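Asks: The following block contains the structure, expressed as structure tokens.
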Amino acid sequence: MADSVTIGQLEKLSVQCDKENQHVENKENNINSDNINLLEATKTTLPIPNTSNTNPPMNQSSSPTTTTTTPTTTTTPTTAEPAKKRKIFAKLHLLNRDGSVKNYFEMKKTKLIIGSDTELADIQVVRPGIYPKHVEIIYDKEKKKFYLNPLIDPKDSDNVRLNFVPFLHKKEVLGNGDIISIGFRSIKMEFIEKVTVDQLVQPEKQYIPSNTPTCITNTPIQTPPTTSPPSSTTTNKKDNTSTNVTKKPIATVPSTTTSTKKSSVVPESKPATKTITKETPKPTKTTTTTTVTTSKPTVKPTAVKKSINDDDYGDDYNEEEDDDDEEEEEEEEEEEEEEEVESKQIKVVNSKPNDDDMSCKKPMKYTNTNEEMRKSLASNVGGINSKIISKGDSVRNLLPISSRRPTAPVTPTKPTSTKKVTTPKKATVVKPPKESKVPKVPKVPKVPKAAVVASIDENGKEDYIRLISFKKAKDIVKAFQSHEKLVKSKNNGHGNISNEKKEILKCFEVLDQINWRLSTDKPGDSRPISSYFKNIPSLSEFDSELLTDYYSMISEPMSINSILSSVIYTADYNIDNCLDDFNQVLENSMTYNSENSIIYWLAHYCKIELYKALSNSGIIQNKLYLDIKKDSETFLKSIGTQLKGDGISLPQIIAQSVSKNKEQTVPQEEDEEEEEEEEEEEEEEEEGEEGKEDEEEEEKEEEEGEENEEEEDVEIDDCEIDQESDDDQ
């Protein structure tokens, strides 16, 4: 009975536990209904009651109820994960003008875009000429390198500079501390992520030693003969008789000489040109003799070795041409030092003739110095070559590019020898003046200025001109030529237009009837004043470079044929539109050409003639024509003075030719008479100009004759003064 009672009590307790657990689950489901993951977590953490666990006693049955509720309170905070910190690859420091750091930006992704757009770009730079996506900085995780990639056209890449180097047209590798300039805004890179650096291997420099010992060989080598001043000493033989023995000047012996018994004493490591002097007893007397020395002949070697630093010279450039003067000066200084040493030794010997020690030591010392000089020259068979190479390897100031002589033939000079007599005074040798070998640079003809990258407008701001491509320039020409051809193809369809437009067309035809030519042209060579403005520039007149420059500078091209086609085929095209387009034609020509040009002059002259024709036809008021004429004539005068100053002749306006329209009829006889009169007037003007030139030449000749007479008078006076001084002496 006791067992059944306990079993019943345990069943009641289990039912209560199940109810409590269900109540807790309902509360948690209501609280966390929005989060499905938390619901599943709470369900898994709550234990399901086991019916098999009915045997434990009463004190142990209450413990599962407390343990099951505790996990539910601890599961909720564990599901919220903390936000991960993003990796920083580099820092971009924004610099001020003085180089100080203004602010910095952390690069937290592998690609960073810099531009003017606030949405597309990570860093905004609002400056003129900056595109929405201007440049990007990339970090390659595989190669572990940072790259700078410009996203704009290479022609506009002057806005992007790496370490102040402009015109970046491809992806460049960045280094730690590099400065990126975008629209004159400097950004300094600081790497935080590890970067691999490519180790640059410099090429090995092969230096040639200037003085290397040479062994005796049987190969003939051409060496310039070098002479040394002979030393004269008197030696005593066994019979104590004094004889004068003069040593001949020693010359460098070619290495083709065969070794004899006497020369077998010379060791192999020393050059063959060394001479051995026999030991002589102490002399009792010394005599001095004046010796004549010959300077070393300057012989240019056949093959000159170039220095490593001479990469910028041409193939035909010779180092010896630049160092001839220095070599001659050094040789003269060496000779003068030798002469001073000789004079000092002679004075010492003459002052103490009976001193045996001094008489022995001084000549021996003199011979030793000569032998040392011969050793230094003979140590390298090409002594002169080694001297030139040693100078070539030294640091020197290079000639400017304009003064270098490209492809100048090297002409070897003949060896010259100058004799000098040893005297206590220094002998001065007068050198003939050298002719300047620098060729005259021809003057470069003036070329019209190309498109500028930036210009300053009236307000002082920079106005950037963007260069267009050659393809775009050709498209502009093609579009305008199709519009210009309408005038030629449908020129007979003028009947449908208004009378005002017909008068406008007649006024433009006046520009075709007025011709001009230069004084240097032939009498029959003339062209209309509107020839330069008839069509827009095309490939028939310009090359590809000038064509792109023209249409980069001229944003609104216009021509007279385009105006005529608009007059004929555009209904609402009136006189105001026509004058605006005509002024645009002249403005384009004056923008591209300089002020002191013939086209600039013709533009103002065409303007006067067109407004004059429009005023005569009554389309515009006469006051407007007079104002335009006054302004344009002042321009014509100033341009004319500039052209005369530059030596350019002004265009000569020829009378109007016969009109091509059938409505206007001009008799041919009158035209011929007018042409003859004009030709006669032109001939008279040319004769008058020639007469003026002849008079100017005669005046110049007379002035030169007077100057020559004055010079002769001065020479005669000088001769008389010299004669008087001679008579006085």
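Backbone N, Cα and C atoms are what each Cβ position is placed from, and that goes for glycine too.
The compositional bias 'Low complexity' annotation in Swiss-Prot covers 46-79, 208-221, 229-275, 283-306, 406-431. Residues annotated as region 'Disordered' in Swiss-Prot: 46-83, 208-361, 403-442, 659-729. What Swiss-Prot lists as domain 'FHA' is 112-167. Per Swiss-Prot, the feature compositional bias 'Acidic residues' maps to 310-341, 668-729. What Swiss-Prot records for 315-352, 659-718 is coiled coil. Annotation comment: Swiss-Prot describes 498-617 as domain 'Bromo', evidence class sequence analysis.
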Asks: Give, as a single whole number between 0 and 100, the mean pLDDT over the coiled coil (315-352).
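Replies: A mean pLDDT of 70 is what the model gives the coiled coil (315-352).
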Asks: If you run through the domain 'FHA' (112-167) with DSSP, how many residues end up as helix, strand and coil?
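Replies: Taking each residue of the domain 'FHA' (112-167) in turn, the totals are 6 helix, 22 strand, 28 coil.
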Asks: For the domain 'Bromo' (498-617), what does DSSP give as the number of helix, strand and coil residues?
Replies: 75 helix, 5 strand, 40 coil
